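J.: Here it is, the structure, as structure tokens.
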Amino acid sequence: MTRLHPGTIATLLSAIVALFLLMPLIAVVPVSFTSRRYLSLPDGKFSLRHYASLFEDPEWGASLLSSIQVGVLASFCAVILASAFCIGIWMLKPRMAGLMTGFVLLPMVAPPVVSSLTLYFFLNKLSQWNSIIAYDKLGGVVLAHTVMIVPYAVVVIMVALSQLDRRIDLAAQSMGANVPTRVFSVILPNVRFGLIGAFFLCFLLSWDEIGVTLFVTSVETVTLPRRMWMGLRDNVDPAIAALSVLLICVVTLIIVLRAAVHLRQARNGG
Amino acid sequence: MRAALFLTSPLLLFLGFSYLLPFLGIMQLSFTDPSFGFSQYQQVLSDPLTLSVIWRTVRLCLIVTVVSVSCAYVITLLWVRGRPVVRLLTELCIMIPFWISVLSRAFGWLAMLSNRGLLNTWLKDMGLIDSAIQMTRNEFAVVVGMSHYLIPFAVFPLATAMRNVDERVLTAADGMGASRLRVFWQLFVPMTASGVMGAFLLVFVFSIGFYVTPALLGGGQSVLIAELIYLWIFQIPQWGVAAAMSVVLMIAVGGILYLLMRRYGEIAQ
């Protein structure tokens with residue numbers, strides 16, 4: 001059976017779309033080598049000063065650190081809460097399971113600006129009671145990120161659980177295992193890859209989170225995206241270009257490596 | 001049953017306390033701040049400035065949605081149905097931008113389109129223009145940036161729909177002498193229409209609450225709803241009106257999502 005492949009017109013149009021998709025990623029490269037302090041193209045002489053400033057300016061380092069802290073803590077909270085929730089739903093199928101799942105997915109589908117306003121309002125209220133989980137504090141940002149990323153953890157873990165053979169759990173149950181044993185010795189070890197995947201996805205989402213972070217931070221807890229925002233909003237700082245080039249290189253490397261591994265597996269398999 | 005309660009309650013309590021409860025607080029504000037009643041909603045839905053922002057948001061989001069879904073359709077076609085090498089290349093073109101921060105992408109467009117950016121410099125060097133063309137801080141830049149951000153999101157539902165197309169139908173039509181163009185327009189497009197609809201609603205929902213890209217590329221010149229809410233909180237504090245606008249936005253998005261669910265429910269049946 002011959003498969004109909006896209007023709008010349010479709011290929012040509014796709015090439016234009018592909019170019020459109022890659023254009024801004026390419027555009028940052030020359031700008032990052034400019035020798036001036038504002039957004040411009042290098043005028044004959046290339047300079048690495050903006051790359052140097054990323055490493056010399058302690059503020060970028062501080063932001064990197066707080067991004068990692070927030071990402072790890074929020075992903076950790078999200079994965080623990082989500083796995084307890086998903087296992088509860090999977091094992092015992094409580095009534096209203098659909099409603100409960102719909103509710104926990106709410107932060108994922110609600111418009112980000114509404115979630116941002118809601119969390120800003122909440123953290124403002126909390127600031128009156130304590131100074132740890134509060135506006136512009138690390139704890140507050142972790143809480144806000146956890147709310148925003150936990151639905152994704154729920155989705156990933158639900159998918160992992162749906163591929164788990166129910167009979168394994170039933171066998172454990174019929175041999176007298178209690179609920180904690182079933183959870184910790186049977187279910188969790190079997191979905192560990194789902195948990196790891198959920199953690200990585202959560203970390204990436206938190207690492208990139210800017211919508212909510214803009215509302216709940218100002219000067220004290222500045223994550224990397226928040227610092228980039230400051231450099232973009234006031235006057236465009238070419239250091240952002242240097243940072244973007246580094247990030248784009250990392251992402252491209254990971255994706256190309258992944259594709260290469262897949263290709264090899266497919267070759268070996270076929 | 002007690003175990004189920006014990007396992008599910010932490011997340012339910014956490015979100016109930018830190019998401020649902022404050023949202024109810026926002027709803028309360030929308031009816032009470034500064035005056036009791038519907039006056040905040042009245043302001044949102046009758047103030048000419050606010051209405052113009054709502055109208056601009058709907059208009060730009062529709063344009064962005066049409067652009068993103070059309071671009072996504074073309075590239076998904078190649079991703080799903082192309083030859084293996086082409087498939088790999090298109091996958092890279094879709095996935096690399098998808099995983100890059102929205103800020104880097106907005107910056108990339110600034111680098112491309114701003115007055116001292118790549119495009120203006122090239123055009124000047126080639127002698128096509130004398131002075132820079134203003135391509136940022138306007139609606140054009142917002143549409144370009146938002147479409148760029150949303151294309152990958154449109155690709156995923158479209159890819160699902162295209163993978164579900166029954167190959168035998170296409171082969172049969174081809175075998176009976178239908179032209180390629182006819183197979184595409186009269187079979188392939190109708191068979192993927194549900195995916196187009198899904199992608200359309202999904203992208204529209206995403207675009208309507210968008211803040212970062214319009215704020216950076218619009219440069220305060222073309223304010224959308226989300227930026228207006230931000231201004232009402234941090235620049236000219238009007239909590240009640242911002243809250244009312246959020247509730248309206250939530251209801252609108254809820255309505256569209258309901259349509260989306262019902263549509264997929266019908267297909268599933």
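Heads up, residue numbers simply count up from 1 along the chain you see.
Every residue, even glycine, has its Cβ placed from backbone N, Cα and C.
Here TrEMBL flags A:12-33, A:68-92, A:99-122, A:142-162, A:183-207, A:239-261 as transmembrane segment. Per TrEMBL, the feature domain 'ABC transmembrane type-1' maps to A:64-258.
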J.: Determine which residues of the chain contact the transmembrane segment (A:183-207) at the Cβ level, with the cut-off under 8 Å and only residues 6 or more beyond its ends counted.
T.: 67, 70-72, 74-76, 78-79, 82-83, 87, 90-91, 145, 148-150, 152-153, 156-157, 159-161, 164, 168-169, 172, 177, 224-225
J.: Take the transmembrane segment (A:142-162) and find every residue of the same chain, 6 or more past its ends, with a Cβ under 8 Å from one of its Cβ atoms.
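T.: Sequence-remote neighbours of the transmembrane segment (A:142-162) are 70-71, 73-75, 77-79, 81-83, 85-87, 89-90, 101, 104-108, 115, 119, 123, 133, 187, 191, 193-195, 197-199, 201-202, 205-206, 209, 212-213, 216.
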J.: Which residues of the chain, 6 or more past the ends of the transmembrane segment (A:12-33), have a CB below 8 A from one of its CBs?
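T.: Same-chain residues near the transmembrane segment (A:12-33) but 6 or more away: 6, 39-42, 46-48, 50-51, 238, 241-242, 244-245, 248.
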J.: I need to check the long-range neighbours of the transmembrane segment (A:68-92): which residues 6 or more away from its ends have a CB within less than 8 Å of a CB in the stretch?
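T.: For the transmembrane segment (A:68-92), the sequence-distant neighbours (Cβ-Cβ under 8 Å, at least 6 residues beyond its ends) are 100-101, 104, 138, 141-142, 145-146, 149-150, 152-154, 157-158, 161-162, 164, 169, 179, 182-183, 187-188, 191, 195, 198-199, 202-203, 206-207, 221, 223.
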